[in-house]
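Asker: Before I ask anything, let me first share the structure, which is written out below as structure tokens.
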Amino acid sequence: MEYLIIFFGVMVVLFAIGVPIAISIGLTCLTVLVLRDGITAIPAELFALQIMRGLNNFPILAIPFFIFAAAIMNVGTVAMRIFDFANALVGSVRGGLGHVNVLASILFSGMSSTAVADVAGLGQLELKAMRERGYPRSFAVGITGASAVISPMIPPSIALVVYGWQSGTSVAAMFLAGLVPGLMVGAAFMVTSFVMSFWLPMPLSPRPALPETARLFWRALPPLLTPVIIVGGIWTGMFTPTEAGAIACVYALFLSTVVYREMTFALLMDVLASTVRFSSIILFIIGIATFYGWLLVRLRIPQELAMTIASLDVGNTTIMLAIVLFFLVIGCFMSVVEAILIFTPIFMLTIQALGIDPVYFGVLMVLTLSCGVITPPFGNVLFVLAEITGMPFEKVSLAVVPFLLPILAVIGLTLFFPQIATFLPALVL
Amino acid sequence: EQIEIHNTMSAGGSEEAAITRFTEILEERAPGRFDIAPYLGGQLGDETDILELLNLGQTQMALTGGLFMGQYAAEYDAVSVPFVFPNWDSVEHYVMETDSGLAMQAQSRERGNLVYLGPQMRAFRHMTSNREIHTPEDLHGLPMRLPQVPVWVDVWSELGVQPIVIPAPDIYFAMRTGQVEAHENSLASPYTRQMWEVQDYIITTAHLSFPWHWVASARWWDSLTEDDQSLIREAVAEARAHGFTVEQERDDYYRAQLIENGMSFIDVDQAPFRAAAAPAVQRALADMAEGVTQDIQAAIDATAN
Amino acid sequence: MMGFAQLEAGFARILELISMALMMALVAVITYAVLGRQVFHLPVAWSEEVGAGLLAWMVLLGSAAAWYHRRHLVIDVVLRRLNRRWLRGFCIFIEIAGLLLLVVAFWGSQSMMRVSVHNSTTALGVSYSFLYLALVIGLGAMILFSIAQLLRLIRGDEAALPNYESEGEWNT
Ligand code: NA
Ligand code: NA
């Protein structure tokens with residue numbers, strides 16, 4: 001167990017002093033190996049073997065695909081089309097652009113696979129519209145940031161892919177399992193907007209005539225089909241989640257070049273370059289973290305943890321509650337994907353030993369860790385918001401706080417009613 | 001002395017039983033001498049990863065599948081070809097006693113740093129389907145799941161199925177959605193995957209017993225004393241025998257359970273299937289080393305009773 | 001030294017261009033596999049293998065290019081609060097720490113490349129050496145970029161230090 005302290009302590013120190021994430025994780029492994037076997041017996045081959053195990057990996061291929069598809073979609077007017085359609089649907093309901101903001105994020109989450117992609121793409125439009133209509137700035141910033149958390153819950157989702165792969169759970173099942181909790185988070189935000197509209201000035205959009213709504217729907221339809229293709233294709237068994245990623249790329253390319261004619265060769269090269277850069281950075285971390293997870297198992301840390309926790313003789317719900325609180329704290333300090341990579345191998349054996357459904361566990365894990373993207377000190381979404389709005393980081397952080405409550409409510413519900421996560425995959429798969 | 005033993009199956013099967021027996025025997029005959037650490041369920045990696053760890057001397061032993069033969073000694077790998085060996089004894093004889101088997105062992109050591117300790121029986125593979133199959137003609141156009149093993153795909157294509165190569169975890173789902181209507185494996189597969197929900201028939205083609213193999217890393221093995229080596233060899237032999245018994249019990253149990261859950265067994269005459277598959281089987285054997293065909297026959301003759 | 005900087009940038013660009021081409025190839029291969037199975041009823045048994053192998057190459061070359069651009073994820077809350085002198089010291093330490101890991105992994109990679117000549121993939125029988133070559137090239141390039149960066153830092157090149165005035169506090 002003393003190794004667990006080294007595993008965690010060395011890594012955190014390296015993170016904190018600014019060593020790149022991937023290198024920190026790798027150096028932690030190196031430290032553990034040197035402490036175990038001595039400096040002369042460093043098994044250098046293990047680094048190569050394990051990095052390759054993480055990268056020569058079909059399920060993980062979904063990640064660059066979904067990043068690429070979202071980047072292509074973000075080039076043109078897709079975000080605007082979705083925003084306009086959401087506005088026509090719910091902009092006239094009490095709560096106004098608050099609902100629009102949430103609904104647009106739900107619709108957009110079927111294309112984007114990370115929370116940051118949501119604020120960076122759609123967030124600008126939402127903030128601009130709310131500012132023009134005179135919505136209070138902190139409300140605008142808060143709901144824009146918070147609604148981005150829906151994205152990793154609704155397929156496609158990098159976090160769910162990584163969890164599925166790491167835990168040996170079907171990615172298709174994870175995609176279906178995230179859907180209902182994701183929509184519940186959206187619904188909880190809408191309730192919050194509705195309630196807040198009683199004391200905040202939140203002007204409504206005019207209700208458009210039916211033909212106008214139909215026109216906006218028609219304009220938004222092609223991109224809205226992306227999630228239908230992804231989930232439908234997986235559901236009917238036409239393709240695997242990884243293959244769905246490739247199909248989504250082809251579809252996005254088709255839309256942007258043939259249907260909208262917004263894609264030029266120069267733009268495509270830009271999109272490709274940023275896709276390759278972002279994917280490589282994430283996957284290089286995944287490669288090295290594969291070694292980290294392997295080494296943990298090799299030193300039998302998860303095995304011992306599982307035995308210790310199983311011998312505690314408290315109920316599964318209590319244990320899950322403790323783990324969820326732990327993840328809420330961890331989420332503040334680590335990005336979602338990194339935390340999944342590090343903690344899935346640690347907790348998986350415990351989960352199996354206690355007979356907890358890994359699908360339910362994964363959904364809770366992703367949902368709780370995702371809160372970290374909108375909490376200080378390292379919330380990526382907060383950084384993006386501060387960048388877009390020019391608001392100080394502290395103010396942005398405060399603006400998001402009220403919206404943590406609805407998320408926590410959904411986490412609590414899912415915790416005590418696992419069926420929220422598990423019934424859809426059980427029904428369909 | 002720590003001995004890590006790897007296997008890709010999860011706990012509860014004949015694999016775990018054999019490894020447990022192996023541990024007991026060593027503990028009994030050399031108390032406290034060895035510290036056995038089993039890693040079941042592919043905890044430290046799939047077969048490819050474990051072969052590389054053994055090659056490097058980074059781990060000690062494994063109860064591994066047939067992959068290493070394809071990698072290091074493909075020209076002697078007759079035990080991976082369906083419809084070749086009629087029973088388990090002939091498989092064991094081929095690997096342990098014939099020149100081809102010994103050449104396979106030598107080449108695995110030379111190319112993959114593997115010390116070969118013996119095969120462990122795995123129940124014969126059959127096919128499941130939601131179509132009634134009595135003769136090879138009934139297979140025509142049947143969308144059947146096959147693993148990514150070229151010779152298996154070739155043989156089953158010869159039999160007329162439409163092969164669909166998908167990973168094992170997706171099988172049940174693919175059956176549910178109708179992408180796949182059949183698959184082949186030992187009875188543990190339809191039982192653990194609860195296939196009675198998506199498949200109606202089990203056709204006892206008994207086309208292959210695809211064994212486990214006890215192997216050790218040569219780098220580690222060579223560092224042991226001769227006494228320890230022979231002790232481990234003995235323990236492996238007894239563990240294999242125990243694994244055999246447990247595997248047969250499990251197979252009978254699976255059969256009973258599958259029937260109870262509503263699956264129908266069709267006990268087909270294997271001969272027409274063997275005949276229909278023959279061209280593909282011949283193609284596979286023709287690629288192998290000289291003497292393999294004779295050694296197969298010798299193994300079959302030697303174990304016929 | 002102008003010539004060297006251009007050479008370095010050109011090398012990084014080539015790595016990135018190859019990585020981009022591989023990304024397009026991945027889309028093509030997997031789409032072909034889906035069409036092959038669903039439309040033409042051909043089992044494309046090699047698509048997973050080729051997809052996974054190309055992914056490894058794409059990531060390692062792309063990762064090297066990103067290393068040159070110093071775009072790998074860093075938590076920089078401490079770094080951005082240091083004065084220039086301390087920042088240089090930290091950067092040199094971080095670069096050396098990175099080099100240490102990269103050299104160990106590189107050493108292991110070239111060794112694995114030799115050890116795994118007889119290990120080959122199941123569908124196409126491609127030797128694993130070809131996969132480990134991607135690690136050798138990718139990690140090798142990262143080592144070269146790191147050495148160049150280290151030399152710049154030690155020489156006292158101001159441009160080699162991160163400039164936090166012009167960057168936002170997030171880098172993805
Ligand atoms: Na999403
Ligand atoms: Na939003």
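The backbone N, Cα and C atoms fix where each Cβ goes, glycine too.
As listed in TrEMBL for this protein:
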type	residues	note
DOMAIN	A:8-420	domain 'TRAP C4-dicarboxylate transport system permease DctM subunit'
TRANSMEM	A:6-35	transmembrane segment
TRANSMEM	A:56-83	transmembrane segment
TRANSMEM	A:103-127	transmembrane segment
TRANSMEM	A:139-165	transmembrane segment
TRANSMEM	A:171-195	transmembrane segment
TRANSMEM	A:216-238	transmembrane segment
TRANSMEM	A:244-260	transmembrane segment
TRANSMEM	A:281-299	transmembrane segment
TRANSMEM	A:319-347	transmembrane segment
TRANSMEM	A:359-383	transmembrane segment
TRANSMEM	A:403-428	transmembrane segment
Asker: Express the predicted model's confidence over the domain 'TRAP C4-dicarboxylate transport system permease DctM subunit' (A:8-420) as a mean pLDDT, rounded to an integer.
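Answerer: Mean pLDDT for the domain 'TRAP C4-dicarboxylate transport system permease DctM subunit' (A:8-420): 89.
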Asker: Looking at the stretches A:56-83, A:281-299, A:359-383, which one shares the most CB pairs under 8 Å with the transmembrane segment (A:244-260)?
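Answerer: Comparing A:56-83, A:281-299, A:359-383: A:56-83 has the most Cβ pairs near the transmembrane segment (A:244-260).
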Asker: Counting only residues 6 or more past its boundaries, what in the same chain has a CB within less than 8 Å of a CB in the transmembrane segment (A:281-299)?
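Answerer: That would be 3, 7, 21-23, 25-26, 28-29, 32-33, 36, 46-47, 50-55, 60, 63-64, 67, 158, 162, 166, 337-338, 341-342, 344-346.
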Asker: By a Cβ-Cβ criterion of under 8 Å, what residues six or more beyond either terminus of the transmembrane segment (A:139-165) are in contact with it?
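Answerer: Sequence-distant neighbours of the transmembrane segment (A:139-165): 57, 59-60, 62-63, 66-67, 69, 97-98, 101-102, 105-106, 108-119, 123, 126-127, 130-131, 171, 173-176, 178-179, 181-183, 185-186, 189, 192-193, 196, 200, 202, 227, 230-231, 234, 241, 244-245, 248, 282, 286, 336-337, 340-341, 344, 362-363, 365-367, 369-371, 373-374, 381-382, 385, 389, 391, 395-396, 399-404, 406-407.
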Asker: What residues in the same chain, six or more past the boundaries of the transmembrane segment (A:171-195), come closer than 8 Å to it by Cβ-Cβ distance?
Answerer: 59, 62, 93-96, 98-99, 101-103, 105-106, 109, 143, 146-147, 149-150, 152-157, 160-161, 163-165, 202, 230-231, 234-235, 240-242, 359-360, 362-363, 366-367, 402-403, 405-407, 409-410, 413-414, 420-425, 428-429
Asker: Sequence-remote contacts (6 or more beyond its ends) of the transmembrane segment (A:403-428), Cβ cut-off under 8 Å?
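Answerer: For the transmembrane segment (A:403-428), the list is 142-143, 145-146, 149, 170, 172-174, 176-181, 184-185, 188-189, 191-192, 235, 317, 320-321, 324, 357, 359-360, 363-364, 367-368, 371, 374-375.
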